[in-house]
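Positions annotated as transmembrane segment by TrEMBL: 12-36, 42-60, 72-92, 98-115, 136-158, 170-188, 195-218, 224-242.
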């Protein structure tokens with residue numbers, strides 16, 4: 001295998017693993033841009049899904065005491081219900097248009113948060129109905145444009161939950177969506193021998209990166225975590241916007 005391909009795969013794996021371990025999301029948006037530059041396009045989505053799953057499992061294992069499956073289930077089940085709807089809408093709508101809207105929303109939201117002179121008011125709600133709604137909408141976005149994680153992250157940040165509480169809810173959701181994507185790709189024959197060989201390179205490095213990210217998460221303040229997540233959301237919004245306009 002070309003050494004440059006191995007270096008690029010390894011670099012993307014470590015960076016993506018670190019971000020996944022630190023923030024609990026963002027692997028695909030960051031790594032796809034790196035891997036598309038070196039790998040055939042058909043290899044990138046399944047390699048991203050397998051590698052991101054390794055990163056999520058590592059994060060969940062290291063942060064098990066913070067994870068709350070009962071709190072995450074409403075989000076997960078609603079998201080799973082939304083995915084096929086989003087997939088069906090691909091045939092009738094324009095995913096690029098949806099990406100454009102989501103990209104603009106993420107940029108506007110993060111700039112609003114960064115530029116606010118005073119603390120932005122937090123949303124106070126009770127019950128799980130809104131978690132289900134956000135999970136369902138996130139699932140639709142995931143099936144339509146591969147953007148399932150953005151809404152839950154923004155939602156829990158707007159609710160003002162502590163970093164560990166945010167991750168307790170949206171990280172199991174992200175893992176469930178990745179697991180569903182893995183099963184779907186397996187069913188459609190996308191997990192080829194070439195993808196599996198590359199995953200043997202990427203996954204150990206992803207795990208190392210995720211461990212480093214989890215270590216950093218344990219040492220950052222709530223304010224520092226919020227700013228880091230906002231920065232990642234802003235970069236994600238910019239990347240989504242560029243992709244939708246390309």
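Heads up, the Cβ atoms here are built off N, Cα and C, so glycines get one too.
A TrEMBL annotation is a machine prediction, not a hand-curated record.
Keep in mind it's a predicted model, so treat the numbers as computed, not measured.
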| request: Tally Cβ pairs under 8 Å between the transmembrane segment (12-36) and each listed stretch (42-60, 98-115, 136-158, 170-188, 224-242), then give the stretch with the top tally. | output: 42-60
| task | Report the listed stretch (42-60, 72-92, 98-115, 170-188, 224-242) having the maximum count of Cβ pairs within less than 8 Å of the transmembrane segment (136-158). | result | 72-92
| task | Select the range from 42-60, 72-92, 98-115 that forms the most Cβ-Cβ pairs under 8 Å with the transmembrane segment (170-188). | result | 42-60
| note | Spatial neighbours of the transmembrane segment (98-115) not adjacent in sequence (6+ beyond its ends, CB under 8 Å) are 141, 144-145, 147, 150, 154, 230-231, 233-234, 236-241, 243-245
| query | Can you name the far-off residues of the same chain, 6+ from the ends of the transmembrane segment (72-92), with a Cβ under 8 Å from a Cβ of it? | reply | 128, 131-145, 148, 152, 168-173, 176-177, 180
